[in-house]
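For reference, TrEMBL has these:
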| type | residues | note |
| --- | --- | --- |
| COMPBIAS | 13-24 | compositional bias 'Basic and acidic residues' |
| DOMAIN | 35-480 | domain 'Major facilitator superfamily (MFS) profile' |
| REGION | 1-24 | region 'Disordered' |
| TRANSMEM | 36-59 | transmembrane segment |
| TRANSMEM | 79-101 | transmembrane segment |
| TRANSMEM | 108-128 | transmembrane segment |
| TRANSMEM | 134-155 | transmembrane segment |
| TRANSMEM | 167-185 | transmembrane segment |
| TRANSMEM | 191-212 | transmembrane segment |
| TRANSMEM | 274-295 | transmembrane segment |
| TRANSMEM | 310-330 | transmembrane segment |
| TRANSMEM | 337-357 | transmembrane segment |
| TRANSMEM | 387-413 | transmembrane segment |
| TRANSMEM | 425-445 | transmembrane segment |
| TRANSMEM | 457-476 | transmembrane segment |
Amino acid sequence: MDDCEETRPLLVNDEHTDEDRSEQDSYLDKVKNGKLYIATFAAVLGPLSFGFVLGYSSPAIPELSKIQDPRLQLSTEEASWFGSVVTIGAALGGLLGGWIVEKIGRKLSLMLCALPFICGFTIIIAAQNHWMLYVGRVLTGLASGVTSLVVPLYISETAHERVRGTMGSCVQLMVVIGIMGAYITGLFLDWRWLAVASSIPPTLMLVCMCFMPETPRFLLSQGKRREAEEALRFLRGPDAPTEWECARIEEAYKNEEQSFSLADLKDPGVFKPLGIGIMMMLLQQLTGINAIMFYAETIFEQAHFKSSDVATVIVAATQVVFTAIAAAIMDKAGRKILLILSGVTMCVSEAVFGVYFKLTVNHNNSSLASLLTDAQGSLAEQPPTDLAWLAVGSMGLFIAGFALGWGPTPWLVMSEIFPTRVRGLGSALCVLTNWTCAFIVTKTFQNLMDAISSAGTFWMFSGLCALNVIFTAIFVPETKGKTLEEIQARFKGTYQR
């Protein structure tokens, strides 16, 4: 290790003294966060738009299934594609975002992705046939994919280590607020006016981002030091000596390879975060979140909720509350403990969910159609107790657990762990993995139900949540309180605390 000593960056070597930390704390004490919060708000209007895209299908599909115009009326299969085609667009958007974020920067990428949001909803508003509906959904999905990549990067590269966890968690918080917003708005507006309302957040993002700075790290990677210092002065306030932070970022960047090649995959500073990021995105989707959300309305009906529309709003509100709690405590509790707590909670709740289905549904009649049509009758035949409370309780526990950890944290960690030269590519592969897996899980869920029964499916998801806990404990690093440069040095083995 001593042979490499002279080649290590000054601020991330083994002599990471108390004096270095004191200097960093002294700098952060002078920082004013007001304009950072404004920049973060402007950026998270993207995830808010993304949430409206995800939530749009829930109130729109029932209307489009009953509409009188045969050119627009959706069959069961067409409604399924209307809901799920967004994930295909999002997967493509992840790949596109990884390319444009390195070519034109974080700020312009965000402004650019507002256009397919607005165009997609405009096409839906003007739709005269099924294909216009599908094209509109693909375009909004494409924008969602770009957004889910660019916004976490923008926030992680503008926020400092004291608030980066909270700011980064606002991405998922705004997604679930957007979903709830679509549900609530859908109670009062028809599907065309709902599309009009859904186009407002991306329009606001496009306008607001015009007044926000590019990230200092991207500017320094382009050799624009003066612009980087100006961006830092905007983000940190007039009292902070931003030249110090600028020099620290620049020093770390100079000690890093400037471009990516396939040979870099042998570098632990590249392959370790890449493996962790991809696995976290895969495991997030394998928690079964889409399966639980699919069952939400039916479960509430069995629990004698008369309005399934109101029930979906209750589910969304639960997500918002617990995601907000996660955002508030992320920089105090740390990423790792929240992931483990979240995984354990989901593991237990889905195991109970499996018990519920085992007790209430005939294992020889596990198809989704049968569950939806016969669930009330099956429960009525079960003496002596109505077990709907068990389903509602386990669903609420699962949603709370997911929102506390595995909802927001994978996106936050993705934005923190990659070195600058592979940040776009690494994030693109993570987003592609997430959305591809989301599509596969959604489309194969029925087959799983038929093959191993409803109880078996949820017990399988419970087992995968247990795997999440093990993976987190062994492989996921704690990034709380560390600069991006310190996190990257940890993967390369050049940082000791």
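Including glycine, each Cβ sits where the backbone N, Cα and C put it.
Remote same-chain partners of the transmembrane segment (191-212), defined as residues 6 or more beyond its termini with a Cβ less than 8 Å from a stretch Cβ, comprise 38-39, 41-43, 45-46, 48-49, 52-53, 56, 59-60, 63-64, 107, 110-111, 113-115, 117-118, 121-122, 124-125, 136, 143, 178, 182, 185. Of the recorded ranges 134-155, 310-330, 387-413, 425-445, the transmembrane segment (108-128) has the largest number of C-beta contacts under 8 angstroms with 134-155.
The stretch with the most CB contacts under 8 Å to the transmembrane segment (36-59), chosen from 167-185, 274-295, 387-413, 425-445, is 167-185.
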